[in-house]
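As recorded in TrEMBL:
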- 2-30: domain 'DEAD-box RNA helicase Q' (DOMAIN)
- 2-30: motif 'Q motif' (MOTIF)
- 33-208: domain 'Helicase ATP-binding' (DOMAIN)
- 219-379: domain 'Helicase C-terminal' (DOMAIN)
- 392-525: region 'Disordered' (REGION)
- 405-457: compositional bias 'Basic and acidic residues' (COMPBIAS)
- 461-472: compositional bias 'Polar residues' (COMPBIAS)
- 477-488: compositional bias 'Basic and acidic residues' (COMPBIAS)
- 515-525: compositional bias 'Basic residues' (COMPBIAS)
């Protein structure tokens, strides 16, 4: 039987493994560690829960520790890319455990946290950096990180990265790092897109495959129950009430559906928590911590957490909604039956999801046993539907926008509410215009309308404008020029030189009756 001492690891790493009572490597570790120690590129195909993290982290730390190089500010020697925050955090925790005796610096950066925290993490330089692609590119754009001296590049869960749309980010990152490097490529499945990606990024790699692609764990008891979509919540409630579970992980297709399941279970007195992309990082950490401690025995998750949760003791995995991608089913049920334990996987299949079930059975090359509805399900479902769902919690409402900081603090009362309370007080004196009728205030506030004569003008041979006969509303239009009949305008009172019978001709050159004034007469047409 192969032991860790037979793989060529240094003594400090063996001591770190012994402190965790790790003596016998898994198949992926036994095959990958000797190859990585030689500096050769590696393509590893293994399911979740097989020990891939130690398979690439242990030999990489051994290479970085001999010889030991002092970190240079902003520079990173080893970069590990992970698709989710939870997986990145767990990889970093494992790296710190293994590196405690070799004195290598390890840190992790991902989205959902303050950007300056990530900048400070890489400011002094790191031996090992675990990151998600999005936050890493943010640091690159800010010139807060230097990847020009990178020695080892690890792509973990590469197929999940492609499913989440990180292909363009990966291409950009590979263009930044040096061409002379060691690349370790790990994936749970090997579709054509992953094979093409591996051929592009790897140079003469060694291939390691411990299980055939897209096969489920044999120690998992898998069943499927056919039920209508509207009755899935009732079936889940009855299952959790009638089954003794240690920890149950329930997968929902949508974020809104995950939050709704939490409220439906709460109506029946079952404590649960949800984790998905709309939750802030502190909320996700609190939910996982409560799930690990057993305070919340049921965790509702979307596929973003299908590969990011490595919690021992998950006894049941429930596929509340069947995934659209068959390989995702393998990743989901891989959360149970870890480290040699047994597990149970239950799937709820609605009539619209029968096609998804056939694709899963075709991909896994295994027929899933059908389990009938429990006895008395119809009456129990009707009783559960009559329960009133609890209102959305304030934390759930704030969690719609991911981030940190003010979104986790209680909101201040709105200013309008304060003004409304101020208006209800009796010690305030009314304004002067409040005593007047509302119609009068509106009339005064209404702007005065000035009507203009937009009709074409005609002039006689002397240049005087000729009046046109108008009727109707146009007769109300006002003319500012002098009238040709010598009469004064009705609205103009007083004797003015511009209103003289001479047609506006003044007998003097002054302005407005003041001799010697050169200012033009504004009233003259």
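Using N, Cα and C of the backbone, Cβ positions are placed for all residues, glycine too.
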For the domain 'DEAD-box RNA helicase Q' (2-30), sequence-distant contacts whose Cβ falls under 8 Å of one of its Cβ atoms, 6 or more beyond its ends:
37, 44, 46, 50-52, 54-55, 58-59, 61-62, 65-66, 97-102, 208, 210
Pull the DSSP breakdown for the motif 'Q motif' (2-30) and write it out as helix, strand, coil residue counts.
16 helix, 0 strand, 13 coil
Per-residue pLDDT averaged over the motif 'Q motif' (2-30) comes to what?
92
